[in-house]
Amino acid sequence: MVIMGQCYYNKTIGFFYNNSGKELSFHWRPKDVVVVALGLTVSVLVLLTNLLVIAAIASNRRFHQPIYYLLGNLAAADLFAGVAYLFLMFHTGPRTARLSLQGWFVRQGLLDTSLTASVATLLAIAVERHRSVMAMQLHSRLPRSRVVLLIVGVWVAALGLGLLPAHSWHCVCALDKCSRMAPLLSRSYLAVWALSSLLVFLLMVAVYTHIFFYVRRRVQRMAEHVSCHPRYRETTLSLVKTVVIILGAFVVCWTPGQVVLLLDGLDCKSCNVLAVEKYFLLLAEANSLVNAVVYSCRDAEMRRTFRRLLCCLCLRRSTHKSARYTPSARTGASTSIMLPENGHPLMDSTL
């Protein structure tokens with residue numbers, strides 16, 4: 001018998017799932033296998049791509065600029081999201097029933113913290129780009145201390161929103177307020193999280209729209225004085241493409257999840273949110289992979305750094321293998337290898 005106002009910390013996960021009407025499986029269903037297989041694939045790709053982005057930013061001094069610090073923080077947040085989702089994949093399906101309440105809150109908190117940090121960093125990148133464009137600078141001249149404070153603020157907000165449910169914003173003591181998608185969380189938490197993400201998106205739309213119209217006006221004025229209409233059209237189209245990719249990726253990956261979270265948070269009983277929640281969460285996690293492509297891989301210098309790192313890794317492996325099979329090779333001689341993308345020779349010691 002459920003008594004309103006009473007806390008149920010001594011109950012099992014199954015108790016809360018039954019209360020919310022969410023099915024708790026005790027054996028592996030085809031749906032569970034598909035979700036885990038896709039989730040593990042996405043998680044591994046997220047980890048590898050974002051590790052590569054972090055390594056590129058750390059190894060190339062040209063990236064030691066505020067915008068690249070924020071890109072590095074975005075990669076770190078997405079890397080954390082990959083770890084959190086990997087943890088979820090190893091604690092989902094029939095394994096969910098074996099979780100303690102604390103274990104369930106840890107699983108959920110990791111996801112909430114990492115995804116919040118990723119979304120907040122996307123907004124910070126938009127603001128930094130806006131400052132740079134308005135100041136007619138290639139990169140913002142924000143002091144490093146301010147960038148560090150901005151990054152710390154992102155993680156404080158993410159940790160606060162991710163840890164709050166485990167301490168107070170849950171429904172362990174108010175079963176009538178439990179959500180269906182996350183049976184231990186209050187519906188109000190889901191609604192606030194969804195509305196916060198929607199607010200971030202609207203702010204990003206406003207910022208990038210202002211950047212677009214500002215740059216278009218300036219390029220158009222330049223085109224009136226210089227005969228460079230083809231370049232004007234090329235610049236405008238490139239800017240439109242960039243804005244569409246950035247906002248489009250966010251909409252495609254985040255909007256479905258935000259909609260079902262909001263519907264569940266508003267207690268829409270006729271909405272079958274449980275039928276699609278796992279796939280929409282996977283789509284939101286895929287945004288951590290898309291971010292690396294949209295924000296980093298489209299940078300020509302970043303791509304050159306990627307190739308250099310991967311070439312160095314391959315050459316180091318081949319050198320290690322050849323050393324194993326040719327023990328009589330001469331030592332002390334340095335070989336110069338020319339990389340075609342930048343033309344700078346690299347010595348063996350750097351490979």
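Note that Cβ sites are derived from N, Cα and C of the backbone, with glycine treated the same way.
Sequence-distant contacts of the transmembrane segment (33-55) (same chain, at least 6 residues past either end, Cβ-Cβ under 8 Å): 71-72, 75-76, 78-79, 81-83, 85-86, 88-89, 92-93, 278-279, 282, 285-286, 288-289, 292-293, 296, 302, 306, 309-310. What TrEMBL lists as transmembrane segment is 33-55 (among others).
Under the heading domain 'G-protein coupled receptors family 1 profile', TrEMBL lists 49-295. Averaged over the domain 'G-protein coupled receptors family 1 profile' (49-295), the predicted model reaches a pLDDT of 87.
The transmembrane segment annotation in TrEMBL covers 67-90 (among others).
According to TrEMBL, the feature transmembrane segment maps to 110-127 (among others).
Taken from TrEMBL, the feature transmembrane segment applies to 147-170 (among others). Long-range contacts of the transmembrane segment (147-170) within the same chain: residues 66, 69-70, 73, 77, 102, 105-106, 108-114, 116-117, 120-121, 124, 184-186, 188-189, 193, 196, each at least 6 residues beyond the stretch ends and with a Cβ under 8 Å from a Cβ of the stretch.
Residues or ranges marked as transmembrane segment in TrEMBL: 190-215 (among others).
Listed as Cβ neighbours of the transmembrane segment (236-259) (distance under 8 Å, sequence separation of 6 or more from its ends, same chain) are residues 119, 122, 194, 197-198, 201, 204-205, 208-209, 211-212, 215-216, 219, 276, 280-281, 283-284, 286-287, 290-291, 294-295, 298. Among the features that TrEMBL reports, transmembrane segment is placed at 236-259 (among others).
Sequence-distant contacts of the transmembrane segment (279-297), counting only residues of its own chain at least 6 positions beyond either end whose CB sits under 8 Å from a CB of the stretch, comprise 35, 38-39, 42-43, 45-46, 49-50, 52-53, 56, 71, 74-75, 77-79, 81-82, 85, 111, 115, 118, 122, 125, 245-246, 249-250, 252-254, 256-257, 260, 303, 306. Residues or ranges marked as transmembrane segment in TrEMBL: 279-297 (among others).
Through the fold, the transmembrane segment (190-215) approaches residues 112, 116, 119-120, 122-123, 126-127, 129-130, 133-134, 161, 179, 181-182, 235, 239-240, 243, 246-247, 250-251, 254-255, 258-259, 261-262, 264-266 of its own chain, all at least 6 residues removed from its boundaries and within a Cβ separation under 8 Å.
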